[in-house]
Each structure stands twice: as C-alpha cells, then as structure tokens.
Amino acid sequence: MSFIIAAAGQGRRMGAGGNKVYMPLGDKPVLAYSLAVVEASPLVDEVIIVTRGEDIHLCREIVAAGPFRKVKEIVAGGEERQDSVAAGLKAVAPPAEWVAVHDGARPFLSLALLARVVDAAGKTGAAVAALPVKETIKRGNEEGIVTATLVREGLWSVQTPQVFRREWLVDAYSKAKENGWTATDDASLVEKAGYPVRLVYGEEINIKITTPGDMILARAILAGEWSCG
Ligand SMILES: Nc1ccn([C@@H]2O[C@H](COP(=O)(O)OP(=O)(O)OP(=O)(O)O)[C@@H](O)[C@H]2O)c(=O)n1
Ligand SMILES: C[C@](O)(CO)[C@H](O)COP(=O)(O)O
C-alpha cells in the first residue's frame, strides 16, 4: 500500500507563524510520529510526503534522522489540502492497488487503527476512521443565532487514515478536477464519485493538532496523562 502524508498546511489556526507539523512534540517534530508508525507497519510499502516547497528541506532532515526508509518521494503541496493530496497521488505508481491518506498533523496514529481501516477498505473498497459525534450539534447564522439543531444520530466526526482502492481515488480526484468539486477530506470526493465508503471506529487519541489547545493536549497524551482507545 502507498501511504500519502498531507503535511503542506500553513498552520494558521495554530498561530505559531509556521507549519505545525514541524513543531516539536516531546523529543521530535509532530510529523515524525506518524512516519514512525508507517515505517513499522507491514501494511505500508511506500510513503509519499506532501509538504510546502519552502519546508522540503525540513522534511528531508526528519526523513534522514529517522531514518524513514519507506519514504519514496517528498513532493510540493498546493493551496488547499485537496490540491496537496492530488499532488501526492500523482507520485503513487500504478501498480499500487491501495492508497492511504493521513494528516501529518495527526501524530497519534496507531498500528491497530491503521490495520482496522485497511481491513475494512479491503472489504468495501474505501474506509475512513471516524467517531460518532458525542455532543449536540447546532447550526448558527452569522449573528451567532441558532437556526437549527441537527439530529445527532448517524453523525460521525471523521479522522484519517482514509484508505481507498487506488483506482477509485484517482477517479474521484479526476472527477473533482473536471467538475470543480471541493472537499475537506478525500472520502467526500470518493463518495461524490459514487463509491461506497465504510466508517471504521477511530480513536479519541487520534487528534488533529489544529489549535494551541490541541498542542497542550498532545503533550499531555505524550506524557501518559491521557490515553484511551
Ligand atoms: N494546503 C494544504 C493544507 C493542509 N494540508 C495538511 O492537511 C492536514 C489537515 O489540515 P489542517 O489541520 O487544516 O492544517 P493547516 O492547513 O496547517 O491548518 P490551518 O487550516 O489552521 O492553516 C495537515 O496535516 C496539513 O498539513 C496540506 O497538506 N495542504
Ligand atoms: C481530513 C480531516 O482531517 C478529517 O477530519 C479534516 O477534514 C481536515 O480538515 P481541515 O479543514 O484541513 O482541518
């Protein structure tokens, strides 16, 4: 399986003035955590990292320090996450039957979660890690007034990894380009292209580091102050 790591963001919501995947977390940068997991996974044959052109030198340093030998290519990303994954997908060689996409900003990927998503994708053709929504979900207008309270039943909060039959993901990205579809995750495009996507129980610990509060949480997780499946 080819494994694409999307790491070409700008970290605007982190407000640290740089790409959060290169921020230190414990003794290594955020990006090095998921790289270590895929390096150890027998399910992953090759890794493609997508990062901003200006960060490629930082990425190379992390790969060399690992050393992360499965990294086949480091490619430059695009304006939006979708553009970055599209760039990564171009680097996946056609013999690969399966492609996984993961956020570099999710350092606590586990081998067990990756195996669960791969297993489900093997049966359905596409699968994503996700958790049922726990809180009441409301829609609000620009003035902050509630316009609707949604039915929570059946709603899932989606994570990565997301695993797809390569041909499905390539087809979905080509249809997205043709029709101008945009999405915040890869599965949305695959769904829109007409393919079934299986939801697989993710892990609460598999957070996406997005804001400064998430970095505090990540440090607590690392220190063993919080852990749960
Ligand atoms: N153009 C982009 C935007 C995002 N990402 C990656 O997609 C993941 C999830 O994105 P997000 O949390 O939104 O990261 P940022 O774009 O860095 O954050 P922000 O939106 O706050 O700027 C991250 O690993 C990020 O590096 C990417 O590869 N290319
Ligand atoms: C792919 C993702 O991590 C699934 O939760 C998420 O959609 C990324 O969204 P963002 O807008 O880049 O934060």
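Glycine is no exception: its Cβ is also placed from the backbone N, Cα and C atoms.
For R13, K20, the entry in TrEMBL reads site 'Transition state stabilizer'. As annotated by TrEMBL, site 'Positions MEP for the nucleophilic attack' applies to R152, K208.
Overlay of TrEMBL annotations on the structure.
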residue	record	CB count, 10 Å
R13	site 'Transition state stabilizer'	13
K20	site 'Transition state stabilizer'	27
R152	site 'Positions MEP for the nucleophilic attack'	12
K208	site 'Positions MEP for the nucleophilic attack'	16
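Between the C-alpha atoms of K20 (site 'Transition state stabilizer') and R152 (site 'Positions MEP for the nucleophilic attack'), the distance comes to 31 Å. Ligand 2 lies within reach of none of the recorded sites R13, K20, R152, judged by a C-beta closer than 6 angstroms to any of its atoms. K20 (site 'Transition state stabilizer') carries a helical DSSP state (H, G or I). Taken residue by residue with DSSP, R13 (site 'Transition state stabilizer') is part of a helix.
Geometry remark: R13 (site 'Transition state stabilizer') versus R152 (site 'Positions MEP for the nucleophilic attack'), CA distance 27 Å.
A distance of 22 Å separates the Cα atom of R152 (site 'Positions MEP for the nucleophilic attack') from that of K208 (site 'Positions MEP for the nucleophilic attack').
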